[in-house]
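Asker: What follows is a structure written as structure tokens; I'll ask about it next.
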Ligand code: ATP
């Protein structure tokens, strides 16, 4: 069998391919054959990318400027016979690398696990039955069905095709979709021109096809070229790049500063070794090397938090952008509404009928509504009105979905709109199974949102005539109808105005209205194309309800409070869209009827220039009968107005709009693979409320990130300043390099990390969206960082000099300085729990991790100060109460100073009327 995989399948005829693979073009593989083949070929998934092994990844951790400096320092210290210091530095380098390695693996694993949750399904014919299976279960010989929107699950030799077009950019880089056809080809055909093949990982953008699997997993074309996507690519975002760049610039500045310090010290006659250690201390202390890693980790935590709230992030930068979103453009059906359709009204040949019953249960009553009375309609009456019967029959026959009874509840398999049509036909007593044998389907044109209709061709067993059924959007169908059916089944002129009045009445109640039509075709017709759908007989209308999701109403309100505008972009009728938008409470929809809320349709906007569209897109909240092109134009217009746009989509044609949007959001359940592939984020529940949740998390992530940066930078700056001050004043160093390493390592883990557990602040969704161009640190925050760094300088330097003045040894004085640094960091951590509010407003106990971290840190400091081995390693010594209360007071003073600064700023802000 192995040689099969090496075959040039495009040169093989379809019949030969099926024969060689021991399959059957119509029935597929036999069920009992599958297991043996699965064992032989293995799962159809791409082999795990063979990235660098754990050892290389671990060694890569040492490839950082800070670690170069540390390693150099360690080697020189060792050469100078300072073995304890050298071992501490080596130890720190090692611990740093281990932490980095573990964190990176965790982040990468989280992302990998998420990638798996979006595995694709494949439709396959086995033992003559069509079924949906995970694409990993496919084996060579399987007969697979393709349809627009799907991802090709394995390499296929096409057996049949209908207008098939495939986007092969994943394989060939060519972005224009390729026409595919089940033809025979000459031998030398390059990959890009093998029109009779469909390759794994490429996307079906149009039409349908059927093919036999010739290669799976690593044997597919994509499996062969599958290259390593490096972790760096996956974990990089504009923010991490910005921070990495900032760190690199800072590194150079600090190295220069360190060299100058060394030179100045030596020139002033200080010992070279001491000056070398001072320069190392400066470099080690002042470079915020942990920052890029902290940012990546915080973003990765954001990704998993969002996943818990049903928003799967496909591209990491989306986590950042979400917090800045100013407009969310959402589909209606299924996202803002529950997507559970029930037909409530039928209108055919002047007769208006209402239905009872709920959900998809095909039992209930159909009643005729007269002007002044309502009378129950017996089945015989339904069959008496030919128009009503044809209207219901068209809904039942021109249909690809099924109703199934699971645990005494009726559910739809397929499209809910179609499910509702089957249920109502059942209420009228139409038997789908019986009709199928009487009118078997010969061909169909599937529903595509750009055509807005579906058509099926049937042969009538009784007289071998052909019949075409069509269902779709009212305007589209009316334009294709020449006449209407009377109650007795005759044809009469079509009164378009009357139909439209009915549609408006139904749509104004929020009903989704579909029109039904059909015609007879010549007996020899065996297939249909769009050209056959014309000259139709109009049968009637069916209006179905699809109530808004309760949680969408709440989420829209939350978005509005958060300064985010919500727009509905739907394929539905303008009136239906308007009614639903009113129920949802969209912007501008609560106005009185005189100032009729503005709903624009794609047709209204067809004539508008891109320039005009900029203002319309900004002002109008509802866009109806939207086409994928309109979606794309709207995203561009909103972006031109300066908005950060999140746009939802599910269809193949939505891909360009999803790519263009700042956050493309695809539907996990109803969405096509093409849409998911183009999106930045996938909703696992298709629910609008999950977009709001993701925005909320996005804001939270950014908040915590800023808090971490504001907390960590003063330490680097403070340590740098203390060293510089000591050299320039010409006194002994108040802290040594090993002590700086101790401070930076322990506080980052025990204190800084705890900020990541800070719950989202209560007002997070009442703030205006963050300007993505704005720097992370505002002037205000930079001011605070400098303020705290100065407190550290004065506190540490001051207490060092005080201790020396008291006659304490340098060792004791340094121990006091180190404790001052740590204590200031502990107290300041409580300030950093919020950038604007005090800890008491947040709730003192809302983040217990902070308390645990601070307590653990204090215990470590006691060990640092009193445990002999620690004294030996870190050049520390026991200190007395006179020092401790000074240390505590410095910490407390920091908390008070920063608290006061926040308070003053709050007061100033509340005085400025804009509250900016
Ligand atoms: P959304 O609000 O998510 O854009 P929508 O369902 O209203 O979704 P489309 O799916 O593009 O938008 O449908 C547009 C119109 O096409 C519907 O209003 C309906 O008239 C018609 N339609 C929808 N589904 C079908 C179907 N399965 N067969 C035929 N016509 C359909």
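Backbone N, Cα and C atoms are what each Cβ position is placed from, and that goes for glycine too.
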Asker: If TrEMBL is the reference, give me the range from 33-48, 49-64, 65-80, 113-128 marked as transmembrane segment.
Answerer: 65-80
Asker: Does the transmembrane segment (883-900) come close to the transmembrane segment (249-269), meaning at least 3 CB pairs under 8 Å for residues 6 or more apart?
Answerer: no
Asker: For the domain 'Cation-transporting P-type ATPase N-terminal' (8-82), jot down how many residues DSSP puts in helix, in strand and in coil.
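Answerer: Helix, strand, coil within the domain 'Cation-transporting P-type ATPase N-terminal' (8-82): 43 helix, 1 strand, 31 coil.
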Asker: For the transmembrane segment (739-757), which stretch among 65-80, 275-301, 785-805, 850-871, 883-900 has the most Cβ pairs under 8 A?
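Answerer: Comparing 65-80, 275-301, 785-805, 850-871, 883-900 against the transmembrane segment (739-757), the winner is 850-871.
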Asker: Quick one: do the transmembrane segment (785-805) and the transmembrane segment (275-301) reach 3+ CB pairs under 8 Å, ignoring pairs fewer than 6 apart in sequence?
Answerer: no
Asker: For the transmembrane segment (883-900), find every same-chain residue at least 6 residues outside the stretch whose CB is under 8 Å from a CB in it, and list them.
Answerer: 784, 787-788, 791, 795, 799, 802-803, 812, 816, 819-820, 823-824, 826-828, 830-831, 838
